[in-house]
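Accompanying notes for the structure given below.
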Amino acid sequence: MELDEDRLAAMDGDEREALLDALVAAFPKRTQFERLLDLLSRSLNHYASEQDTLPDAVFAVIRRAQSEGWLARLLIRAAQRNPGNRELATFLDRYRRQPLPQVRTVAAPGPTPPAGADPSVGVGAREPAGPGAPAGRGENITIASDDGPEIRLTADEQRVLVDELASHYPSDLAALPLLHNQLGVPVGDLPAFGDGRAPRLIWWAIHRDLTAGRILAPQRRLLLAALRDLPGNERLADLARRHGLLEG
């Protein structure tokens with residue numbers, strides 16, 4: 001089984017509640033859940049006290065596993081440990097990684113050289129487009145202001161945004177101007193990079209924090225801040241156009 005870690009990292013409160021119900025149904029005793037964590041060399045006592053109810057303890061583990069990037073491993077182990085639980089299996093089916101479609105790329109034929117001309121002349125002489133240059137777009141573009149209604153990115157659109165942020169801002173030093181200077185988030189108030197975690201997982205955690213009420217219109221402002229910083233990024237520009245934040 002292979003689970004989609006991006007979608008698990010983007011789970012909201014309703015989805016976490018559904019996962020909580022599934023795990024408690026699959027492991028109704030505290031000792032059973034403790035053994036599950038032991039398979040990952042983790043202890044339930046590290047996340048919850050003995051006085052916590054089982055649902056509270058399991059929920060604490062879900063939140064930590066999601067923020068630290070090991071939720072997929074936990075769920076795969078849970079499925080292996082209790083393969084016959086229908087509620088857990090139904091939940092996991094929604095998060096299975098879908099295989100990418102096979103795309104066959106066919107190169108377009110080049111221009112036919114004049115009769116008698118050396119076909120090697122001119123090969124490699126054409127300059128490639130600059131990195132990130134928006135192909136086929138004019139220079140007169142208008143970017144919306146931060147003041148406006150929030151946008152609702154789909155799960156796939158959130159993934160595009162997070163992937164681009166992780167690619168261009170893979171460290172605290174790189175992300176600080178965007179988060180602090182543009183969005184006004186106090187230094188140290190968001191998940192920090194490091195500890196061996198991939199930048200993409202850190203950005204999912206930051207995205208969750210921002211959309212949980214840290215700032216107003218978080219998806220709108222985060223997309224616009226990144227677009228202003230990376231005006232030649234066509235993936236971000238495409239997202240902005242879809243939601244009416246960019247014209248031209």
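Cβ atoms are placed via backbone N, Cα and C, with glycine included.
Record features (TrEMBL):
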DOMAIN    11-95  domain 'Effector-associated'
REGION    104-140  region 'Disordered'
COMPBIAS  117-139  compositional bias 'Low complexity'
DOMAIN    152-243  domain 'Effector-associated'
Three-state composition of the domain 'Effector-associated' (11-95), taking helix and strand from DSSP: 60 helix, 0 strand, 25 coil
Rounded mean pLDDT for the residues that make up the domain 'Effector-associated' (11-95): 91
DSSP-derived helix, strand and coil totals, residue by residue, for the domain 'Effector-associated' (152-243): 62 helix, 0 strand, 30 coil
